[in-house]
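Swiss-Prot lists TYR160 with the feature active site, proton acceptor. The NAD(+) binding site annotation in Swiss-Prot covers 18-47, LYS164.
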Amino acid sequence: MTFKGFDKDFNITDKVAVVTGAASGIGKAMAELFSEKGAYVVLLDIKEDVKDVAAQINPSRTLALQVDITKKENIEKVVAEIKKVYPKIDILANSAGVALLEKAEDLPEEYWDKTMELNLKGSFLMAQIIGREMIATGGGKIVNMASQASVIALDKHVAYCASKAAIVSMTQVLAMEWAPYNINVNAISPTVILTELGKKAWAGQVGEDMKKLIPAGRFGYPEEVAACALFLVSDAASLITGENLIIDGGYTIK
């Protein structure tokens with residue numbers, strides 16, 4: 001591949017991008033940016049208001065589907081619906097997830113199960129089923145949302161840390177297995193991101209204490225994560241696969 005210039009290499013015009021967790025937070029930011037950069041965007045979320053988000057972004061170039069991605073049959077039905085509208089899927093951005101926090105000795109079993117089911121199983125099933133489509137149609141780009149918790153230990157995050165570390169390992173295996181099919185698979189590991197949930201979880205002194213541990217001195221914004229995702233799903237990142245891009249203001253280098 002030769003460098004074609006920024007306008008072409010970073011261009012995703014008319015690509016079909018599927019984004020999970022698209023009703024809010026990082027997923028919503030990715031859906032908005034992908035659409036702004038010319039992609040057709042399929043927004044998936046278990047919340048019904050994903051349809052309102054799609055309407056706000058671009059009604060003529062988006063498709064919103066309400067789905068629980070922890071069930072294989074649900075994803076298969078969604079992919080069938082997508083194929084009625086678009087000839088192929090070029091991009092998958094896995095952003096759906098949950099954080100249920102408790103000390104390890106007190107963690108309810110259902111917290112563990114729900115975390116693994118959505119964060120890990122849901123992301124795998126999405127990648128598996130859409131990966132098959134990409135193999136059949138000549139390739140694609142997959143971005144899995146991990147976390148700084150994939151590489152460091154965080155208090156009360158035992159289930160979350162385990163699920164996100166597994167996401168990175170899964171990403172590496174998928175990248176290795178699917179490279180011959182022209183499929184790039186990468187992960188993104190953000191620090192605390194100022195989504196609505198992030199703002200609530202890290203409000204007050206706990207947030208101020210956390211920021212003191214970040215060399216950059218601040219938390220991140222959903223748009224910053226979306227920009228990195230855009231790079232990874234563009235031709236500019238065609239030789240990058242199996243990587244875990246850490247977006248944490250230097251937190252994990254300390």
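Residue numbering: from 1, along the chain as shown.
Positions of Cβ are set from backbone N, Cα and C atoms, glycine also.
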Which of PHE34, TYR160, all recorded positions, has a Cβ with the fewest other Cβ atoms inside 10 Å: TYR160
Cβ neighbours of MET30 (NAD(+) binding site) where a neighbour is any other Cβ within 10 Å: 32
Candidates VAL18, ALA22, ILE26, VAL42: member of the binding-site residues with the richest Cβ shell (10 Å): ALA22
C-beta crowding around GLY38 (NAD(+) binding site), within 10 angstroms: 12
Cα separation, TYR160 (active site, proton acceptor) to VAL18 (NAD(+) binding site) (Å, whole number): 24
Integer Cα-Cα distance in angstrom, PHE34 (NAD(+) binding site) to TYR160 (active site, proton acceptor): 27
Rounded inter-Cα distance in Å - VAL42 (NAD(+) binding site), TYR160 (active site, proton acceptor): 26
Collapsed DSSP category at VAL42 (NAD(+) binding site): strand
Using Cα positions only, nearest of the binding-site residues to TYR160 (active site, proton acceptor) (ALA22, ILE26, MET30, GLY38, ILE46): ILE26
